[in-house]
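As given in TrEMBL:
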type: DOMAIN; residues: 2-155; note: domain 'Amino acid permease/ SLC12A'
type: TRANSMEM; residues: 23-41; note: transmembrane segment
type: TRANSMEM; residues: 47-73; note: transmembrane segment
type: TRANSMEM; residues: 94-121; note: transmembrane segment
type: TRANSMEM; residues: 133-150; note: transmembrane segment
Amino acid sequence: MSLSQQGFGPDILGYVDRQGRPLVAVVIVLIVGSLCYLAAYSKEGEVFTWMLASYGLSSFLIWGCICVSHLRFRYALKLRGRGPNELPFASQSGIIGSVFGALCSFLILAIEFWVALFPVGENGPNVQSFFKSWMYVPVMVCLCLFYMFWKKDYRILLKSREIDLDTGRGPVDLTLLREEVAEEKAFLAACPWYYRFYKFWC
C-alpha cells in the first residue's frame, strides 16, 4: 500500500474502503501468505529450494549495485564541483569502501556462477543445479522490465550530469554542518584508538 501511495506500485494497491481497510493489499498478503501451507506438501524441501533460488544470491547483486550507486553519486557531486563535506552523513569508508564492496560482490557472483554451472564432483554442466543457484536473475530482470514499462522510463542508467542531487533534500546550513563535522573530527582525534575503531565501524 505504501509503495502505491509513493508512486512505486499499482494504484489499486492503495485502495482503502470507507472503513479504512486496504482491501486489495490485504487480499494479496493473504494469497502470498497461503504459501506457508506448502510445508504440508510431501516435497516441501524441493519447493523450499526453488523458492530460495528465486532470491538466494540477490543480496550480493543488490549490495554491488548499492556500492556502484554510491560511486556514481560521488562522481556526480564531483562533476558539479561539490564534495562530501556538504552531506549530513558521509560513508565512513568513502569511495574505497564502495569500490571494495562492489568488487567483492561481483567476484562472489562470478564464482557462484561458475560453481552453479559446473558443480563440484560432476563431469559437466548441470542445468538444474545452475537454475537452483541463479533463478533470481530472471526474477530480477522481470522486475526491472516491469518497472520500466510501468513508469515508461526505459533508461538503464542516467548520465552522471543528469543525476538529480537535490530533489527531496531538506534545507541544510552548510556552514553549521561543516563546523559540526570539524568538531566531531577534533573530538574523535582526542579519543583513545579503541573508541575511534568502534566509531569507524559502528
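In case you wondered, yes, glycine gets a Cβ from its N, Cα and C as well.
Given the structure is predicted, the values throughout are model-derived calculations rather than measurements.
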Beyond the flanks of the transmembrane segment (133-150) by at least 6 residues, Cβ under 8 Å: 10, 50, 53-58, 61, 112-113, 115-116
PLDDT averaged over every residue in the domain 'Amino acid permease/ SLC12A' (2-155): 84
